[in-house]
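Quick notes on the structure that follows.
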Amino acid sequence: MLKIFEKIFGSKHEKDIKKIRPLVSSINELQMTMASLSNDQLRERGVTLKQRVRKTLEPLEQEKTSLSRKLDNPDINLEEAETINTRLDTLAEEYEQATAAILEELLPETFALVKESCVRLKGHTYLVMGREMIWDMVPYDVQLIGGIVLHSGKISEMATGEGKTLVSTLPVFLNALTGRGVHVVTVNDYLAQRDKEWMSPVFAFHNLSVGVILNTMRPEERREQYACDITYGTNNEFGFDYLRDNMASTPEEMVQRNFYYAIVDEVDSVLIDEARTPLIISGPVPNADNSKFQEIKPWIEQLVRAQQQLVAKYLGEAEKLIKTKPGDPEAGLALLRVKRGQPKNTRYIKMLSQQGMAKLVQGTENEYLKDNSSRMQEVDDELYFAVDEKANTIDLTDKGRDFLSKLSHQDSDIFMLPDVGSEVAIIESDALIPVADKIQKKDEVYRLFADRSERLHNISQLLKAYSLFERDDEYVVQNGQVMIVDEFTGRILPGRRYSDGLHQAIEAKENVKIEGETQTMATITIQNFFRLYKKLAGMTGTAETEASEFYEIYKLDVVVIPTNASIVRKDMDDLVYKTRREKYNAVVLKVEELQKKGQPVLVGTTSVEVSETLSRMLRARKIVHNVLNARQNDREAEIVAEAGQKNAVTIATNMAGRGTDIKLGSGVRELGGLFILGSERHESRRIDRQLRGRAGRQGDPGESVFFVSLEDELMRLFGSDRVISVMDRLGHEEGDVIEHSMITKSIERAQKKVEEQNFSIRKRLLEYDDVLNQQREVIYSRRRNGLIKDRLTSDILDLLRDYSELVIKKHHKMLDVDAIEEQLMRELSIEFKPERNTFEREGIEATAEKLYQTALAFYRRKEAAMPEEIMQQIEKYAVLSVIDLRWREHLREIDSLREGINLRAYGQKDPLLEYKQEAFRLFIDLLHDIELETLSLAFKLFPVNPDEAREMEERQRKAAVRQEKLIAQHKAAESVYTASSDEPETNQEESPQQPAIAEKKPGRNDLCPCGSGKKYKNCHGQQP
C-alpha cells in the first residue's frame, strides 16, 4: 500500500529533493556571476560575508558581555541577579535564532563562492599524507544538495564515490563564518588527517584556519587546533577532550571551545555502532586485588571441561535417538541441553544443518519457554551452567555449585547469595541480642553478601570468557595484551577494555598479564556527547535502514541524495549452503573462476578467523591474494589501492568498508568491474550495504553476492524457521545451493530482528544514561563556574547562609545549644553558642542571621589575613577538590546501582523507574555533601609552609594509628576527622603555593570512625 502511494504522490526523499532544487539553481546562477572576478575580489567576497555575520550578531554579544559583568559584581542583589539570568537565557535563544537566519540568507552566495573557489583551484598541486595530489574537484548539483541538507542539521545519505568529503566543505565553510568553530568528525586518525589536508586548499584560499586533533597531541597543541575555524578529529578525541576539560584544575588546562556545529562522517558507524560503548576516563583502584581470577581459574577450567564432556554425552544420545526415532522429543531435549550448555560446539552446529534438526531444537525450546520459561530449569538442572547466547548471560546451576564446592573443599553455600532481607529481619526481631551486637551481626551479613556476590560475579565472567568469547573473533592477543576487535569494522580498538571485570577474565584465560582494576572518573555516552552541539549533521552511504533510530534518539532526519551517475552494479540474490565447509569451498571456486577471468574480487568477512581460513584455502590452490584484517591493518591504504586492479584478489574484514574508495584499473570496466563476494551476512543490513557499495562507484560497473550457510552466526541465532523448512522440504544434498529472492528476504528479516534488538539495547542504555546525564550537566556546570570565576566568595557566602538556617532549624526543637556549638566547631572551626532562653525567644530566623554574621566576620578576618591570590586558590581548591572527589564516589555508587537494578524486576518493579528514584536520592545526597564539604574546606583551609605541612601530616598519621587502636564510643565519633591530603605534591618553584588540607572527613562509603561498622553516610554522615 505504501509503495502505491509513493508511486502516486512521490516518496519522502523525492519531496525533500524537490524543495531544494530551486536553491541549487540560485547557487549556480550566483557562481556564474563570480566567474569574472579576480582571485582577490573573490576573497574579498568571503571577507564581506564574514562581516555581515559579525554585524548581525555583535549587538547581542555586547549585551551578553554587559550583563555578565553586572552578574559578577559581588554587591548585586538576588532579585537583580535572577532578572539578568532570565535575560541571558532569552538572549542565548535569540543569538541562535539570529545565527540561523543570517546563515540561511547567506547560503546561496557562500555555496556559490565555494564552488567558484574549487573551479579556480583546478590543476593546483599539493601534498596529502605525503603523496602529491592535483585538485580536480568541483561540486556537482547533487553535491550542492547534499551540502544544503547538512547545513539544515540532517543526515545526507550519499552512495560510495559520490564525494561526501567535498560535500562537507560547503556547510563547513558557511558555518565557519560565525567564528564559533566547526567540528568535522571522522572514524579514525588517518581519515581526520587525510581529510584535513585534502580539503584545506579551498579553506586556505579564503584564509580560514584548519586544524586536526590526533591521539598523540599534547594539550597545548590541542588548544591551538580547537582555536581554528575548522577542526577535524575522531569522535573519541572530541569526547575525551570534553571529559578531560571537566577534570581540569585551571582554565589554562582546558582545550575546547563551546560546541556549535558538527558534521559526522560515516554517521551510522559513530552514532549507532559506537553508541553502546560509553566514553570512560578511569583511574586505578587503590589496593585492588588482581589475583582473584587466577585463584578461581583452575576450578573454572575443570568446570568447563566437565561441561564439555557432559555436552558430548548428550550429543551422542541425540545421534543414537535420531537414527532410530527421527523427531523423538528426547532427542530434541538432548540437543536443547547441548545448545544451553555449549552453543558454539562444532559438532552441534554441523548437526543443525541436517534435515529437520534445527526445527526439532526450535520446537523443543519453544515448548520449554512456555509459561514465562517456567520449565527451562528442567533443561538447565542437568548442566553445570546454562548459557543464553542471545542474552549473553551465564547462570551457574546447583550441579555446578556442588562441583565447585568439591574442588574448593568448601561448602556449596559459598556459591549462593544469602537472603539479606530475611537475615536482617531475624536479627532485628531477636530481643535477646544487645543493640551493639545486632549492628555487628548485620554488618557480617552485609559483608558475607558482598564477598559471595563478588566471587559469583568473577565466576560468571570467567565462564563467559571461556564460553562466549573466542580468540581471533571478539578479540586478538598481541604483544601480551588482549585487544578488542570492533565487530562492525574488524579493526583493533587500542585502549578499549570490556567492563565489569570481563577483560581481566579474558586476560586470565589467555595467560597474559592481568591489568589492574580501574574505577570510573568521568564518563559520557556517544549519544549524550553529540547532543551537546547546537547543530548536528551527518553523512554516510548507509543511513536509510536506521532512519527511525536517528530521528528518535538524535532528532536527525535522513535525506537520500540522488547519485550523479546511475548505479549499474548488479546485486544478486544470496547463495545458501547447508554447512560452512560447503560455503567456503564454493567461495574459493568462485574466486578462482574470477581470477582466471581477470576480474578483481573483494571477499568480505565478518571476523579475523574467517579471513585467515579463506586465505589458507586460497594459498593451498596457489591463488595470489592480499589479506586485510585487524592483524594486517598497517598495509590498509596499499592493499585497498590494489584491490581494483586486474586479477586482484583481496580478503578483507569489514574494515575495508569505511573511508576507502576502490578505483578500477585499466581494462577492468570491460570485465564487469569489481566483484564483491560476501562470505557471510552481517547482523546489520547497513554493513552489508556498505560492503556492496565498494563496487559500482560513480556509474562504474560491478557485481555483488553473498554466500550464506545455515551454520553462520546470524542464521543459527536468528535465522527464520521458514528458511530451514524450505531447505528441509527441498531435501538438498551436500554441496547443493539455493538461490531465491524469498531466501534473501528471509535473511533480511532475520537481520531486521537483530537490528531491532540492538536498537532496544541502545535505547535502554540511553534511558539509563539520561538520568546520569542530567546530573552530569549540573555538576559540570558548577565545576566550570568554580574553575572560570576569579572569585568564589559570593558562592561560598550563599552556601553559608543556607547552612546557617539548616543548623539552627535542626536543633531548634530541642533547644540543643551545646550541639550547635559542637557542630560549628567541628565543621567550620568557629565559636558560636546562643543563650538557651534567647534562642527560644528569638526563634530560627533571627538566630540563623546571628550565626551567619558571626561566621561572615570570621571569614572576612581570614580574607584580610592573607594575600588575595592565596584566598582565591583556597576557594577554588575547596570547590574543585570536593566536586571531583564526591563525583567520582557518586559514579561508583551509580555503577553499583546499575549492576543490581535489573533484579528488581523479579519483585514486579520497573528497574528503570527504581533506578531513577534511587539515582535521584543519591544525587540529592551528593549535592548536600558537596555544599557542606566545600563550605567546611573554605573555612578551615590555611596555607602552610612545607615544614609545617610535613609536621602536620605526621601528627595526623599518629592520630590515625591511635584511632585504629581505640574502640570509640558512638557519640565521640565527630571529633576524629583527620587525614592527610590526597593531592600530589607540587613543585613550588613552578606554581604558586598550594593550600594544604588541615582536616578531611571520611568518604561517604568509608566505615564510620565511631566503630559502629556502618558506612559513614548511614551513620554520622547523615548530619547536615
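Heads up, the Cβ atoms here are built off N, Cα and C, so glycines get one too.
The feature ATP binding site is assigned by Swiss-Prot to Gln143, Gly161, Glu162, Gly163, Lys164, Thr165, Asp661. Around Asp661 (ATP binding site), taking its Cβ as the centre, 14 other Cβ atoms fall within 10 Å, counting all chains.
Positions annotated as region 'Disordered' by Swiss-Prot: 970-1024.
Here Swiss-Prot flags Cys1008, Cys1010, Cys1019, His1020 as Zn(2+) binding site, drawing on sequence analysis.
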Other same-chain residues whose Cβ falls within 8 Å of the Cβ centroid of Gln143, Gly161, Glu162, Gly163, Lys164, Thr165, Asp661, the recorded ATP site, in sequence order: Met158, Thr160, Leu166, Val167
Which listed residue (Gly161, Gly163) has most other Cβ within 10 Å, given these are binding-site residues: Gly161
Which of Gln143, Thr165, the listed binding-site residues, has fewest other Cβ atoms within 10 Å: Thr165
In the chain carrying Lys164 (ATP binding site), residues 6 or more apart in sequence that have Cβ under 8 angstroms from it: Gly146, Ser156, Met158, Asp265, Met539, Thr540, Gly541
Three-state secondary structure, which DSSP defines for Lys164 (ATP binding site): helix
Other CB atoms within 10 A, centred on Glu162 (ATP binding site): 23
